[in-house]
Amino acid sequence: MDKNSATSPATAAKTKSCECCRSPLVPKWSLVCCTPSCRREYRHSCAGLTDEAYKKLSALSKSKWICPACKCARPKGGDNNNTPIRPANAIAVGGLDTSNVNTLPRGKSDGNGELIVTANCDSPSSLPSWYQSLEESLSTRLRVMLKSELTEIKLSNDEILKNICFLNEKYDEIQVQLTFNNDEIGRLKKENENLKSTIADLSSRMSRVEQHSRECNLELSCIPEFKNENLTSTVVQLASVVSCPIADTDIVTCKRVAKVNPSSERPRNVIVKLRTTDQRDGILAAVTSFNKANPKDKLNSGHLGIGGTKSPVYVSEHLSPSTKYLHAAARKAVREKLYKYIWVRNGLIMVRKDDTAPALKIRDVNDIQKIQ
């Protein structure tokens, strides 16, 4: 044999393929026919053996193995005990299903005495169509699956787009409504400020009107109360004591009013309405002079001819409820800031820190901050 035409065993081993499926052979998973005239090699799966069955074969069994073609070439009456049996779940190596391979049909001679193998397994000529059929089947199934999935995704995307469009529309509506609401809130705030100013002005006017309706009134506090008392005589007696006499006819009305605090033990105040403002101012000035002239015996119930324990009697202008509240707040601030004087003249509250300080007018609650 020519050296150049000789093929090394390593090269031949690389190019060997299974006589059945024509797949490349792996030496450790192949079987060689023991027939001297054959010596064909097969994959163990093409011979009908599983991986575990192949591993259990001894070296002697492998050396005596006969390929399906040689077995089919034997006479029918021969010994067929060694015919391979197809396993129940034979799994092909490389992903090919060769569980249906068990024997090869009877061989035919090509004229040269060589046996042409026509096994039941996929031959090289039929393998492409099998692959093609599998590929077409898989492609069809994949197309159907992908089409179904893509249809669902498209529907889902369409639904999402609809929701997004809906949300965008709602967002635009909310933005418009928010802008409108902000403008409306700003307008209402401005209107509210105007209303507050108007209310404050009206309250001030009402307070002045109420106070003006009381300009001829006096309020007497702490006069002991009796069941059958004659308040008119008591007022005439008071004016006489402070040296500012008046007649009964100068008194328009004289009555007690309800207590602000019903649980208080102090007697109810007496409201006296005189005919003129001058009479009211005259009595107020006379009471002030009397108390200054008698610092140890200021005007009290004893001066009015009322027996029992003497109690001081206070005479002041009849103030409206709002002015009374303001007067109480001003008195509290005066005590805290150590102011010396606080008085009311014609319904106007005045304060003075000392004899040399200027007088401050307290017209509303904000003016109390002037008391520093």
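These residue numbers are counts, starting from 1, taken along the chain as shown.
Glycine is treated like the rest: Cβ placed from N, Cα and C.
As annotated by TrEMBL, coiled coil applies to 185-212.
Positions annotated as domain 'FP protein C-terminal' by TrEMBL: 321-371. Across the domain 'FP protein C-terminal' (321-371), the model assigns an average pLDDT of 90.
For the domain 'FP protein C-terminal' (321-371), the DSSP-based tally of helix, strand and coil residues reads 22 helix, 13 strand, 16 coil.
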